[in-house]
Amino acid sequence: MIAPSILSADFARLSEEMAAVGGPGRGADWLHVDVMDAHFVPNLTLGLPVVESLLRSTDTPLDCHLMIDAPDRWAPGYAEAGAHNVTVHAEAAEDPVALAKNLRAAGANAGLSVKPDTPLESYTDVLKHYDTLLVMSVEPGFGGQKFIERVLEKVRTARRMVDTGHLNLLVEIDGGINNDTIEQAAEAGVDCFVAGSAVYGAEDPVRAVEGLRAQARDASAHGSA
Ligand code: DX5
Ligand code: ZN
């Protein structure tokens, strides 16, 4: 699956930019929305009122990535608004198990994200309550950064845990995904790829999404062969 990140889109024309990458069946599977609060990360983007408007202007499921402090307090609002996935940071959540339950009760899939230096081991039990694991392959905060290859070890670990039935979730990767990096991520076992600059920086964003998907599909078929 490919989830274009609208962080790299034109913020004055967000609904057109969402439509420009297509929807399920042709183009984007999900649209990735980066919520940043200038506390958990240095950057500031958008919040719940904007997400509510985005939800009204697209049929494509929204994948909300909350890079915010106090997600226990704020994240359920995004689920109640109708986001498909609501992903919180493991480093910021106070009670990630209770939070996952609240997100699911509000009708969303619960996602847990880990920064590049956050080990997975501390969260293996917690992850039993989650529907997605978002492995950050850049330091969260900005688009267009360089892919950090060493996080693929966490992807491999998560993939093994899913394949052996210890976890039941989708493995998602976020940061620096493009034509040069997507194959190694696919081989490591990623299910869903977030891509911002590689999609919105392309002349034809739908073609960019389809190109990434084809590369990922070929690489994962090769990897599991
Ligand atoms: C970074 C965000 C990413 C960002 C990725 O903190 O979480 O979703 O949009 O952008 P690219 O694909 O350009 O690295
Ligand atoms: Zn993101």
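Cβ coordinates are placed from backbone N, Cα and C, and glycine is handled just like the others.
Taken verbatim from TrEMBL:
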{"type": "ACT_SITE", "residues": "Asp34", "note": "active site, proton acceptor"}
{"type": "ACT_SITE", "residues": "Asp174", "note": "active site, proton donor"}
{"type": "BINDING", "residues": "Ser5, His65, Gly141, Phe142, Gly143, Gly144, Asp174, Gly175, Gly176, Gly196, Ser197", "note": "substrate binding site"}
{"type": "BINDING", "residues": "His32, Asp34, His65, Asp174", "note": "divalent metal cation binding site"}
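Cα distances from Ser5 (substrate binding site) to the recorded positions His32, Asp34, His65, Asp174 are smallest for His32. Residues Ala3, Ser5, Leu7, Val33, Asp63, Cys64, Thr87, Leu134, Val194, Gly196 surround the recorded divalent metal cation site, their Cβ atoms falling within 8 Å of the Cβ centroid of His32, Asp34, His65, Asp174, which are themselves excluded. Not one of the binding-site residues Gly141, Gly143, Gly176, Ser197 has a CB under 6 Å from ligand 2. Considering other CB atoms within 10 Å as the measure, the emptiest surroundings among the binding-site residues Ser5, Ser197 are those of Ser197.
His65 (divalent metal cation binding site) and Gly141 (substrate binding site) have their C-alpha atoms 11 Å apart, to the nearest angstrom. Taking the Cβ of Gly176 (substrate binding site) as centre and 10 Å as the limit, one finds 25 other Cβ atoms among all the protein chains shown.
Each residue in Leu7, Ser8, Asp34, Val138, Gln145, Val194 lies on the same chain as Ser5, His65, Gly141, Phe142, Gly143, Gly144, Asp174, Gly175, Gly176, Gly196, Ser197 and has a C-beta within 8 Å of the C-beta centroid of that substrate site, without being one of the site residues. Annotation for the residue listed as 'active site, proton donor': spatial neighbours Ser5, His32, His65, Ser113, Leu134, Val135, Met136, Ser137, Val138, Pro140, Val194, criterion Cβ-Cβ under 8 Å with sequence separation of six or more. Rounded to a whole number, the C-alpha distance linking Ser197 (substrate binding site) with the residue listed as 'active site, proton acceptor' is 13 angstrom.
Just so you know, the Cβ of His32 (divalent metal cation binding site) picks up 26 other Cβ atoms within 10 Å once every protein chain is counted. The Cβ of the residue listed as 'active site, proton acceptor' has Ser5, Ile6, Leu7, Thr45, His65, Met67 as same-chain neighbours under 8 Å, each 6 or more residues away in sequence. Taking all protein chains in view, 19 other C-beta atoms sit within 10 angstroms of the C-beta of Gly141 (substrate binding site). Neighbour counts of Cβ atoms within 10 Å were compared for the binding-site residues His65, Gly143, and the top value is held by His65. Under the DSSP three-state reduction, His32 (divalent metal cation binding site) is assigned to strand.
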